[in-house]
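K.L.:
TrEMBL lists Gly32, Glu33, Ser34, Gly35, Ala36, Gly37, Lys38, Thr39 with the feature ATP binding site. The coiled coil annotation in TrEMBL covers 756-939, 1173-1218, 1269-1296. The compositional bias 'Polar residues' annotation in TrEMBL covers 957-971. If you look up TrEMBL, you'll see 1-604 marked as domain 'Myosin motor'. The region 'Actin-binding' annotation in TrEMBL covers 484-506. Per TrEMBL, the feature region 'Disordered' maps to 946-989, 1005-1038.
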Amino acid sequence: MGDMDPHIFAVAEEAYKQMARDERNQSIIVSGESGAGKTVSAKYAMRYFATVSGAATEANVEEKVLASNPIMEAIGNAKTTRNDNSSRFGKYIEIGFDKRYRIIGANMRTYLLEKSRVVFQADEERNYHIFYQLCASSHLPEFKNLKLGSADDFHCTNQGRNPVIDGVDDAKEMCTTQHAFSLLGINELNQKGLFQVLAAILHLGNVEIKDRDSDSSIIPPNNRHLTVFCELMGVTYQDMSHWLCHKKLKTAQETYIKPIPRLQASNARDALAKHIYAKVFNWIVDHVNKSLRATVKQHSFIGVLDIYGFETFEINSFEQFCINYANEKLQQQFNMVRTEQFGDKQCLFQHYGAPCHKMPKGSDDSWAQKLYNTHLKTCSLFEKPRMSNKAFIIQHFADKVQYQCDGFLEKNKDTVNEEQINVLKASKLDLLVELFQDGEKVTSPSGTAPGGRTRLSVKPKEIRPGASSKEHKKTVGCQFRNSLAMLMETLNATTPHYVRCIKPNDLKFPFTFDPKRAVQQLRACGVLETIRISAAGFPSRWTYQEFFSRYRVLMKQKDVLSDRRLTCRNVLEKLVQDQDKYQFGKTKIFFRAGQVAYLEKLRADKLRKACVRIQKTIRCWLVRKKYLRKKHAAITIQRYTRGHQARCLVKYMRQTLAAITIQKFQRMCVQRKLYLQKQAAALVMQTILRAYMARQKYQGLLRNHKAVFIQKHVRGWLARQRYKRSLRAIVYLQCCIRRMKAKKELKTLKIEARSVEHFKKLNVGMENKIMQLQRKLDEQAKDNRVTSERLNCLETSHAVESEKLKVEVSKLKGIEEEAKNNANRVTSLLEELERLRKELTTTQKEKKTIEDWATKYRDEMEKMVAELKQQNGLLKTDKDDLNRMIKEQSQQMTEKMTRALAEETQQLESDLNEERSRYQNLLTEHLRLEERYDDLKEEITLSVSVPKPGHRRTDSTHSSNGSECTYNSEFAESEESSRHGEDVTRGMDTSLTLKLQKRVTELEQEKSSLRNELENKEEQFQRARDDEEHKKSRGAELEYESLKRQELDSENKKLKHDLTAMRQSLLGNAGAGAGAPGSPPYKVLMDQLNSSCEELEVRKEEVLILRSQLVSQKEAMQHKETMTEPVHYAEDVHKMKDSGAITQAYLGLKETNRSPTADFHRLNEDGELWLVYEGLKETNRLLEGQMQQQRRSYDNEVEVLRGELQSVKEENNRQQQLLAQNLQLPPEARIEASLQHEITRLTNENLEMLRTEDPTAYRSAKVNILRRMVDLMEQLEKQDKTIRKLKKQLKVFSKKIGEMGAGQVDTISPGQMVEETVRPVNIPRREKDFQGMLEYKKEDELKLVKNLILELKPRGVAVNLIPGLPAYILFMCLRHADYVNDDQKVRTLLTSTINSIKKILKKRGDDFETVSFWLSNTCRFLHCLKQYSGDESFMKHNTPKQNDHCLSNFDLAEYRQVLSDLAIQIYQQLIKCMENILQPMIVSGMLEHETIQGVSGVKPTGLRKRTSSIADEGTYTLETILRQLSAFHSTMCQHGTDPELIKQVVKQQFYIIGAVTLNNLLLRKDMCSWSKGMQIRYNVSQLEEWLRDKSLMLCGAKETLEPLIQAAQLLQVKKKTDEDAEAICSMCNSLSTSQIVKVLNLYTPVNEFEERVSVTFIRTIQTRLRDRCETPQLLMDTKIIYPVTFPFNPSSLALETIQIPGSLNLAFLTRV
């Protein structure tokens, strides 16, 4: 059939044969104009497949496939001026086949449904057939409720004025449609609902809308058609009539309901009708697909595509635009020569999605102007009409088409009133609700446009339920483009077959052919162009594989090579001498006319010779076979004769051997009978003896068991009595202690009620302590939950095990009762055996019977022993498996916990880095705003300070010290601003200043919140990472004690300060007799003060001793808990394993004890079964005793765990109550109560430990500790009384001294006062060691900052002095201010230092050396503040001498945070400065410069010449970059920068190099070649070598170059096969999909040995990387700065050894 004239069956047959032969899916593409026969051709192709293949099942699938045609024609076909049965949509039907190539199912996808035909038809055209079929069947009873009539009565069916088609009976077609519905599984209820909806559409079209006024409309009340519509649809009349004339407008705050004019209401009514019909169409298509769905696995399929052809009319709009776009895609599939031109048009079609996203309020005119601006000068196939600004022209493959832009955007949007849809969703009709149930999730599958000639019907992929609402509003253009892309993917994956339908004439006349119309259609289909290309010279073409397979017979074995291309070349050179008759392509061989026929002739001759040779060989084989049959017959006769003779000889020998065997067995039987008699007598004696011994042993075990049971209960009763006595004693002691504590708390409350200021001071930091207590309570609650869960699991397992044991005990009791009965039977059987023995001598027959029984008994016993051994082996195997499973589960749990801990740690690290990055970005923004604010303030100051007549004269100090005026502290600036307030407000913009101040305040608040959040994150991370250190560290409760100690220290310092002040006042009043040093009052006062100081020192030492004892006790407890806890867990696991093993062993023995009860009398005849039973009972008793012991230990463990859980719960409740009580107390009483609680808790824990180890020591220690507690409490009370007494005395003496000195001040002259005060103070001093402090006067602060920061040259300091010297000097000055307890001096010094560093960086921020120098000194100053802060976490790194130099009066934690922020700002400025230096070098050094000479070779052809941005003589090389990196590194090392900080800087440098290089590689086509990849890899290796030389390989810088390394590898690997694609996907894990595709697209060969990357390979890469979760960003962000951290780096340099050089001009500083 394939050799005949073109026929649709020939195409179908070819597709079917290729599918079966090549096992490849096929596609038949049917295209042509309307009326050319596309639908009929597709129908005949499907009929051919149904006839040839049949169905794989008995469900008549082929009938269902053919039955889908009437349904789709009824709802999708209509009469047009060109065709009476025109398909107004495109469809693609996949017919599925099984492995035997029989039809098993089908699937249909639809495209381009013309929705506008529902509400509008041109002259001589009709609506869809289904409406006329309904009207023609309206007289039938089942359609009476639809209230239909003639088609002329409805507006939707009478616009064409010709509702009848000649030769078509719509009533009969309705019956055919109903039958097809039933055949496809759509029941009558759904059919009835469908017809109701379709009839409602007709009634909706007749609804008349009238004008109410110019801006509103109305539907007359009781409209008949609207009433019928509402009845059929199951909706309310009021809602539908209201929303047909109104619409809802939504704003940000409110929602408005607006009436609409009549024209808009009519359009809304028509849009609703079209939307409902589209929903019905999609519902029918879905149900058809469900009924055609295959029930078995599909092996292959053939797709039939019934698609529209190229269209051009007088007026072409959105519909023709989409249709011609689809034809361009299909033409590209049909003829690959025009791919380049189609690529030029692709930008136009992709641009069409813009109105839906980029111009929500745009118009057709603006969209047309955007097209002109975008494509008029860039695309040669796009033109603008001369006489129109609302149209554009596109040069298609068939012809030029001019499109009108009117209505493009509206048709693309296809909007429907949402409130009308909501009314339909509330319908009572189930089918209607089903139609609209997915309306909120997906757009209409048909994707149709509101008007036009043909509309789209797109079946997109199902959208997931959680998708964004923006996806619901995809435009028609977007949906059509997506569905067409899916169709092209399907066609590309199959073998296409083309059917071009040509319409003979436009008049529908038979046997009439119009040549012009035929040529026009051939040109539109692209056939003429294909013929022209084929006739150009080589019309015949074969792929290398096809040529090899076809003409393999013409080749010799030596001609066949592994390379198919070379094989074909060698064969053609031998067969065809004229090389001009053929040409070799990349994938095909091209032949001139006649050459294929010549090759076919050679092939036929070769096959003919082969046939002759085959005939010759077969005839020889037949004759030889006849000869071999005769030879075989002769040999068979000889064999049978010789066999008969041999059998006779064997028979004689066998008889002789049988006689000898009979004699042997008769003699053996006689001897065996004698032996068995003796054996039976011996066994009876052994049985009786063993039974007696077993009974004696059982009685002994029973007595032991009862004695143990009595001992257990007696000991338990004694233990409970001891526990009750101890409990009563403890409760009594607790009552006494609590009574004493309550009294003391009452006294404390009375004292604290009078001290409000002290309460405020002590309240600082209590919130953090409360949070720590709350955190500890949460951890205890979590531990309690874990313990309770564990107890519940143990109780559950114990209950299950107990039930199993009860069942087994009951079974054992039943077996014991049965054994007793059997024992009685054994006695009777023994008597019977004795009687049988007496009768044995009477008859030989009875003797023979007994012998047979003995033989059978022996066999059964052996069988039972074998079974027991087998069961024992199985039990051992089960035990080993269980042990192995337990080990595996424990190992899996350990691995799982380790993995979870690692994941959680990694997550915390990532969260911490994100928070750091966010905080540092906000800090940068804050700095920028501050700088902007300072600039604005300076501008305002300059504008105000312009010289005017009569201006105020400045002070001489300001004019003379101009350099000093460059620095002002915040305090000076505030004074200056307040001094010139009036002048500033005249010239500045008040609103701008207020806005800036408000913004600064907001940024400060946000900064503080982020800082707190960052601190919380860091605390969480530190706690998760250093969990072991936190367990060893002290608890939160000991901080209360430290607070108490600090309070006592502060009180002592205050008392000392008062004492000093009093001494000075007394010395100042030395002129008076009463206040003189030798006077009696003075002596009394000094004695009292000295005694009070001594007493305070004694109390302080006692408190310190008590604190050390408490700390040591708690650490011992924690150590013991950590040492004993894993042991308990190990013991529990071990016990559980033993219990499981014992249970399994017991069950196994129980199973082995089960023996068959049949033939019990015969088996127990000799008494051996009784011995076995007794042994099993003994074994059971042993196992039961072990199980009881295990159960007792298990119960004890459960009780212990329950007691621990209860104690933990009580302790938790007690802690919560104590916390609530402490929060209500004043601060002093709160601290004291916490200390007492901690002492009591530690005491109880120590007592518990002693009680478990030694009860006697426990009682003695308990008494000693209670005595010690009482003594300590009394001492504390005395100390409190003494402190209060001393305070009162100080107040009294201060008043007396004030009264005494008031009357004598006037009588003493200044000279006398000075002379008298100097005399008693003249006391000799000892020389002190240098304490590492620098003293300066307050007025020298500006000079200090100026010489040490503002005018300091970093180069001289870095070369000649120690690193970080300015930081050490500033810290030594700060230490002295802390030492003299001058908070104002500390605050001003720190503020001046920070502001000066900011100013010098603002002034010289572009100098890398300056920025690096101050980054190093700022970090060193920050480390000094931490190292000498007094915190234990920092002090552990210090020497004892350094710990003595710690700050004693001020907590500078807030300034540490400010300095940390300043260090972050300096670091970011350093990175920017470094980036500005490196940026010009990277592209030239990494890409353009040839480090390896001669590798790049020739530039790729076809590329424009690129010139570097730098002249040739100034071109940077890789060596330049390495030298610059070395300069950076050496500068930071000279400045003493922390090694960890240097690593972070180097990592940022390498990231900038890699990102800039990769971005330029992605943007330059001339850089994407194999040689350039080698160049890049060499440069990267040089950078790695630099890292290795600097010992920085572990800083993470190499990982930042990973994307660049992978891009270079991508340029060098093979890029042809699927294995190469898989290797690329696994290799390039640091590159995004867009970056990989970009590199492959830009890859350019530079010589003949390289090839471009094929489009198929790139698509394969995209398919494999489709599931990768990544950002679609192409270029890397070069502005990213990694979050910086400043790890604590303590200094080993002693402060007392630092010498200040004279070059710094700091002579005014004094060493202390």
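Cβ atoms are placed via backbone N, Cα and C, with glycine included.
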K.L.:
Give me the long-range Cβ neighbours of Gly37 (ATP binding site): same chain, 6+ apart, Cβ under 8 Å, in sequence order.
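P.N.:
Those within reach of Gly37 (ATP binding site), by Cβ under 8 Å and sequence separation of 6 or more, are Cys501, Lys503.
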K.L.:
I'd like to know which of the binding-site residues Ser34, Ala36, Lys38 has the most other Cβ atoms within 10 Å of its Cβ.
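P.N.:
Ranked by Cβ atoms within 10 Å, first place goes to Lys38.
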K.L.:
What's the number of neighbouring CB atoms sitting within 10 A of the CB on Gly32 (ATP binding site)?
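P.N.:
I get 22 for this one.
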K.L.:
For Thr39 (ATP binding site), what residues in its own chain, 6 or more apart in sequence, show a Cβ-Cβ distance under 8 Å?
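P.N.:
Once residues fewer than 6 apart are set aside, Thr39 (ATP binding site) is near Glu73, Asn77, Asn85, Ser87, Asp306.
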K.L.:
Please list, in sequence order, every residue of the chain apart from Gly32, Glu33, Ser34, Gly35, Ala36, Gly37, Lys38, Thr39 whose Cβ lies within 8 Å of the Cβ centroid of the ATP site.
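P.N.:
These residues sit around the ATP site: Asn83, Ser86, Gly309, Cys501, Lys503.
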K.L.:
Which residues of the same chain, at least 6 positions away in sequence, have a Cβ lying under 8 Å from the Cβ of Gly35 (ATP binding site)?
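P.N.:
Residues satisfying the criterion: Thr80, Arg82, Asn83, Ser86, Lys503, Lys508.
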K.L.:
Would you mind splitting the region 'Actin-binding' (484-506) into helix, strand and coil residue counts from DSSP?
P.N.:
9 helix, 7 strand, 7 coil
K.L.:
Using all protein chains in view, find how many other C-beta atoms are within 10 Å of the C-beta of Glu33 (ATP binding site).
P.N.:
23
